[in-house]
Structures are given as structure tokens and as C-alpha cells.
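*Asks:* So Swiss-Prot says this about it:
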ACT_SITE  K133  active site, proton donor
BINDING   D161, E190, D213  Mg(2+) binding site
ACT_SITE  K235  active site, proton acceptor
Amino acid sequence: MRSAQVYRWQIPMDAGVVLRDRRLKTRDGLYVCLREGEREGWGEISPLPGFSQETWEEAQSVLLAWVNNWLAGDCELPQMPSVAFGVSCALAELADTLPQAANYRTAPLCNGDPDDLILKLADMPGEKVAKVKVGLYEAVRDGMVVNLLLEAIPDLHLRLDANRAWTPLKGQQFAKYVNPDYRHRIAFLEEPCKTRDDSRAFARETGIAIAWDESLREPDFAFVAEEGVRAVVIKPTLTGSLEKVREQVQAAHALGLTAVISSSIESSLGLTQLARIAAWLTPDTIPGLDTLDLMQAQQVRRWPGSTLPVVEVDALERLL
């Protein structure tokens, strides 16, 4: 016997969260809970404003229609990426095919005063990998901050993300201030320039490895080995079903590329599932999941070690 529930939720964000020049005051999304006999599976559907093509209202409409079809015996996945991902997670939990083991290691997102960051990063246990957003300020400033961190902590490796912010000139201004001796400790720089060709040229000219992120979701993208390209950053909420995520990871690994499972600012429930997906598909790579502290609460499932308050399922709005 099948049953299901859909929950709508909204989490207040910290004041400083800006995405694509838009301040994100709340994170809005949906959960689907599927039950069959004694088994239960959950999934999160939370399109990311400015990045997802669909709104959460559109996702809600598609999700509710899919749930009704599922209750009637139809299991075909929807095409909308955020819904396909959430539904496929719920089905995988229901079928017990999403492993419980999770990779809760994170590459901490660095912002704020560089002196404070140096102290924090120097105390990190184990492999020191951190992430820095670049492209929000002047490229010269970004280069100086990155150089300072790499100089101060000799065993630190940085993942950088420019979100296609730079022209070729700005990319060169950034690189000018990063000591060539430190550049090999930049694990990768996600999408430095506005076009893929400019990003490729940046990698060739600077020796700084790049990663594809937004490019993966463009219709003309193909997985090929290229000089200077070291990684792909896969955001399942923006990608689609678990099967599509797995196909992308396998395509990357076949070319010797690092595949990084990364957050689209999901709630704690979604983040814990991403940690399980990372342990399953990319066990040797630290995922990019350090976004929970951008929110003011956890929901339904806790992230280990987080002190944020937890909103239980009974407090969420039911849609069925």
C-alpha cells in the first residue's frame, strides 16, 4: 500500500547571503515523503533562485502531479531537475539503494577577515582544503587574499569559485598577485571567465587549473579531457535524477577528472543526503557542502555537529 506527503517550508537565511546580485532572505523548498508498506523515503526539492531554471512554485506543481501518478502506480521520473533529484532520492531511500554511509567532511567556505581565516584554517585537522569565492570584489584584492592564505599555510589547498565573473583582463589581474610557486595548491578555480574559451585560455596562460560547473548544464557541453581542466563540480539539485548525477560522475572519472558533489544551499535534510551521495559516488573527494551555516535552522534531519536549532516535521506545512 502506497502513501505520500508533500511538505512546504521556508528557512530564514543569514543577512549576508547574495546570489547573482540578489539577496536571499529565505530558502524556500519542498520535501516529499513516500511510504510503501513499512518503508519510507524522503527527498528535497529546492530550486535555487538565480541558478535553477524552475521556480519552487513550478516545482511544486510538477511534484504534486508526480506524487498522484506514483500513488496510481506510475514511477516515471519528472524531467524538471530539482523535482527529478528529490523524487529519485526518495525512491532510492524507499528501495534502500542510497547507502547510509556519509562523507561529512567539508571544505569550509572562507569569508571575512584574512587574519581570522588564517588562524581558523591553520587549526583544521587532517587534509586542509578550503573554498574561497572570488569575483565579488576587485580581482587584484582576490589575488592578494588567495596569495596571503597560501603563503601563511603551506599545506593548504584552495578551491576557488568565480561564477564566470571575470573578463580575461580581470583574470590576468588576479593571477598577477598569486605567486607562481603557490598556484599548484589551487586545486581548481571554477569557471573563471564569462565564456568557456576565455576560461580555457586563463588556465593555459596562468597554469591555474580550472573546473566546470555552470557549463555542465549547457546543451552543448561534452565531457572531454582538456589541458588545464582538472575537475567538474556537480550540483545535483541543478542536475536532475540520481542516475544522471551518477552518469556525470562516471564520465568525469573516466577522463581522470575530479568530480565534486556540491551544495545548492539545500536544507540539512538535503545536505545529509548529498553527504551520502558523495560517500557513495566520490568517496576519495571532499564534497562542497559547507552551506548550512548560511541558514538559521536545520530541518527534520540533523547535520552532525551543527548547533543550529532543528525544525521537526510536525511544524511543516502539509500539501496533501
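Quick reminder: no glycine exception, Cβ is built from N, Cα and C everywhere.
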*Asks:* Taking the Cα of K235 (active site, proton acceptor) as the centre, which of the recorded positions listed as K133, D161, E190, D213 lie within 10 Å of it?
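*Replies:* Cα within 10 Å of K235 (active site, proton acceptor): D213.
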*Asks:* Applying the rule Cβ within 8 Å of the centroid of the Cβ atoms of D161, E190, D213, what extra residues of the same chain belong around the Mg(2+) site?
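*Replies:* Leaving out the recorded residues gives R159, L160, A162, N163, L189, E191, A211, E214, V233.
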*Asks:* Could you give the Cα-Cα distance between E190 (Mg(2+) binding site) and the residue listed as 'active site, proton donor', in whole Å?
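*Replies:* The residue listed as 'active site, proton donor' has its Cα 9 Å from the Cα of E190 (Mg(2+) binding site).
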*Asks:* Long-range neighbours only, meaning 6 or more apart in sequence with Cβ under 8 Å: which ones does D213 (Mg(2+) binding site) have?
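*Replies:* Those within reach of D213 (Mg(2+) binding site), by Cβ under 8 Å and sequence separation of 6 or more, are D161, N163, E190, E191, V232, V233, K235, S262.
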*Asks:* Cβ atoms within 10 Å, counted per site: which of K133, K235 has the most, among these active-site residues?
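*Replies:* By the 10 Å Cβ neighbour count, K235 comes out on top.
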*Asks:* Looking only at D161, E190, the binding-site residues on record, which one has the least crowded Cβ, with the fewest other Cβ atoms within 10 Å?
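*Replies:* Relative to the other binding-site residues in D161, E190, D161 has the fewest Cβ atoms within 10 Å.
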